[in-house]
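Below is one structure, written out as structure tokens, with a few remarks after it.
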Amino acid sequence: MIARIIGEIGIEGARFIEENIDEQFKALRYLSKGIDSETFVKLVIANSLVSYQLTGKGEQWWWEFAKYFYGRDVKSIYLAYKEFLPNSRFNRRLIPQKLSRIRRVETFLSTLTEERIEEYYGDMSSLWGSIARALGVDKESKTVVFSVKMFGYAARIVLSTFNPYPMEIPIPEDSRIVKLTKKLTNEKPRKFWMKIARESGVPPLHIDSILWPLLGGASIDSAPPELRDKLAELIKIIR
């Protein structure tokens, strides 16, 4: 049932949700207008890697991030976060651990020229491996796969081009997804949603884009009628 509905929504439906319903994408679009492209993409990756154990909703955190960095001159991403996180409203836990992550990934981020960003956007699986190696963590770690998703958003905004996510990158095991998975199955989230991805033809990161805003209570009123009907059907299952 859920694979059928997600298949009917499809990648183009997921794209509509990402660009018009997901507050994270809206926050990034806002920030992109107030900072240079390279710094924008670097910040988005860095922010993704510290987006855990939040003290508010993910939507609130990404808007706080976007408003904080809009128009700001960022010389060092590590130093910027050393100032930002302790004063953050929605991300105040485990600050030393999060700053350590930023420090570990900063050398990799410094390699992201506009040309390199475009190359990685054409091969997001390669980016996935590069971020995991820079951090020294498992590729399937929640924040690593999430950082690829958010890089995809940022690169799409900067390059004005849509590239679908690779099928092999798993869904981020965020609390909303974990809770929903328990409601639907006894399988592990990553395994279950990879199976749904293969059945529906919609890559796991796009499935995440469909589910995550809806689980957060996002309105579907802006969707075209046909897509809105499918989303309403999906909401009955997941909420």
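Yeah, the Cβs are placed from backbone N, Cα and C, and that goes for glycine too.
Asp208 (8-oxoguanine binding site) falls within a helix when secondary structure is assigned with DSSP. Here Asp208 (8-oxoguanine binding site) comes close to Lys149, Ile171, Pro172, Asp174, Ile177, Trp193: these same-chain residues lie at least six apart in sequence, with C-beta atoms under 8 angstroms from its C-beta. Swiss-Prot lists Gln24, Ser51, Trp62, Phe146, Pro172, Asp208, Trp212 with the feature 8-oxoguanine binding site, giving sequence analysis as the kind of evidence.
Summarising the annotation, Swiss-Prot assigns region 'Helix-hairpin-helix' to 118-182. Secondary structure counts, DSSP: the region 'Helix-hairpin-helix' (118-182) has 43 helix, 0 strand, 22 coil.
Positions annotated as active site, schiff-base intermediate with DNA by Swiss-Prot: Lys142.
Among the features that Swiss-Prot reports, active site is placed at Asp174.
It is 17 Å from the Cα atom of Trp62 (8-oxoguanine binding site) to that of Lys142 (active site, schiff-base intermediate with DNA). Residues listed for 8-oxoguanine, Gln24, Ser51, Trp62, Phe146, Pro172, Asp208, Trp212, cover a largest CA to CA span of 16 Å. Cβ contacts within 10 Å of Gln24 (8-oxoguanine binding site), excluding its own Cβ and spanning all protein chains shown: 25. Ser51 (8-oxoguanine binding site) and Lys142 (active site, schiff-base intermediate with DNA) have their C-alpha atoms 10 Å apart, to the nearest angstrom. A count of other CB atoms within 10 A of each Cβ picks out Trp62 as the most crowded of the binding-site residues Trp62, Phe146, Trp212.
Same-chain residues with CB within 8 A of the center of the Gln24, Ser51, Trp62, Phe146, Pro172, Asp208, Trp212 CB atoms, the 8-oxoguanine site residues themselves not counted, are Ser48, Gly58, Lys149, Met150, Asp174.
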